[in-house]
């Protein structure tokens, strides 16, 4: 099988001088001796997933598929983005509207606290056959905990507590936490989130594999792609042949030149959530100690009609990483029209994908001409195998890139700030001192 390819020819920077450093940090990852070593379980995960583990995930997915028309994936951040990225990249864009669909529609909750969203979801699910996958290491993360309490109540009111427990699967800690306790007491089927795998690196654990399997996609191909990329980016692969190290080096070279913003661009609507997953992976891993490349995403050509002007002529603090897809499964040809009022007959007989590819090439050339360094990642096609490769490529790259930046890529202390303020404002037990301080602060506003 082919591998995804990396093109750095349009970056305008030399990465060779970063090779020795990148190789050193890659060895720290592979040996488990770098910063954040308690959370390096993802490094060798793809090649260590067993047949027994895959069988268990597929068996649980089969039960949910047989009993449910809708399955609600409850989680936030790394607890849901990876699965959603795979599902939305692979499924028919209009799957939810197809009368001949064979698998449950995957819906999402717990990724926001929008009352209108949750209310409308509950209204929609009334009298529907639905199940729940609740993903949380602790079971106390506010957004998914609220969503699960509401969904669990609705499900039990519709089918009874006994039947509801057969439609709920928990993915959580092996021994501790509110969700582990609830799963044990209620008798929910459950899977373990490994202690040494952080949320944003968890897509190849049951966190990502179970929802993907429920949606009907081949988790074995996903894992195989990741395992192959694990081998392609291992510490025994030299810098010159190691795509993850070269990408990490290019990012750091551009950052050193004042390029503080990386824009990940795709030209396929199905790839939107791959961008969202990437944005969390890199943003949460590197944005600390007042350092880090700001991660942004655009969906092209759509966003060329909004962000295109800024990308072409705005402040030159950006670089662009484009994910290209070489081959499409579909084939749609533009027809001829005798009147040709829209002037499109020059495209008659061409595939829509050919026009899209020329739009991509034209955009890349224009941005390079406008002073935007360009990195290109080429996928032979958009399928489970190459998405598996892509995920592991990005995971290994961000580990090395974070080390090169001088930060611990595997913690996220900054996310506690908003939570502490929110809990103080809501008078959560244990936050009395913070609540009093917050009250005084608000009086001054």
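Glycine too: its Cβ is placed from the backbone N, Cα and C atoms.
The following features are taken from Swiss-Prot:
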type	residues	note
ACT_SITE	284	active site, proton donor
ACT_SITE	305	active site
ACT_SITE	419	active site
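Features per Swiss-Prot, on structure.
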residue : record                    : Cβ neighbours (10 Å)
284     : active site, proton donor : 23
305     : active site               : 9
419     : active site               : 12
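Separating the Cα atoms of residue 419 (active site) and the residue listed as 'active site, proton donor' is a whole-number distance of 16 Å. When secondary structure is read from DSSP and collapsed to three states, residue 419 (active site) falls in the helix class.
Annotation note: residue 284 (active site, proton donor) sits in a helical segment as assigned by DSSP.
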